[in-house]
Amino acid sequence: MHELPVTKSILNICEEEVKKHGMEKVIAINIRVGELTGLVPASIEYYFDIIAKGTVAEGAKINTKKIPINIECKDCGESFECRKGVYNCINCSSHNIKITGGREFLIDTLEMD
Ligand SMILES: [Zn+2]
């Protein structure tokens, strides 16, 4: 369960951004979560509802977009999206691969009022 610290950092960013832009509140938060982070969007929303109470982000809606796992083959250079658990090249079947996407967690945009 590492959603709670992540959720707290989202809230911190909301408060900073609202202050920075002279706004009053956050209406919606668009986040992107890599599949390899293991973060559960529903848990983030659950924690957010609780810890955002009484803050500038109370009642804000969280929209989550998943980032798929991306793999690059070190042998043939092929780059592709991977299904969970399958880590060999779709082009040459090599296991000599590196993961280039899916570990990200980022806030895309904040909608403020
Ligand atoms: Zn390959």
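Even glycines carry a Cβ here, placed using N, Cα and C.
Feature annotations, reproduced from TrEMBL:
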type	residues	note
BINDING	H2	Ni(2+) binding site
BINDING	C73, C76, C89, C92	Zn(2+) binding site
Of H2, C76, C92, binding-site residues neighbouring ligand 1, Cβ under 6 A: C76, C92
Which same-chain residues, if any, lie at least 6 apart from C76 (Zn(2+) binding site) yet have Cβ under 8 Å of it: C89, N91, C92, S94
Zn(2+) site shell beyond C73, C76, C89, C92, criterion: Cβ within 8 Å of Cβ centroid: K74, D75, G77, E78, I90, N91, S93, S94, N96, I97
Neighbour count (Cβ, 10 Å) for C73 (Zn(2+) binding site): 20
Cβ packing number for C92 (Zn(2+) binding site), 10 Å threshold: 12
Proximal but sequence-remote residues of the same chain as the residue listed as 'Ni(2+) binding site' (Cβ under 8 Å, at least 6 apart): G38, L39
Mapped DSSP class for C73 (Zn(2+) binding site), helix or strand or coil: strand
Number of other Cβ atoms within 10 Å of the Cβ of C89 (Zn(2+) binding site) across all protein chains: 21
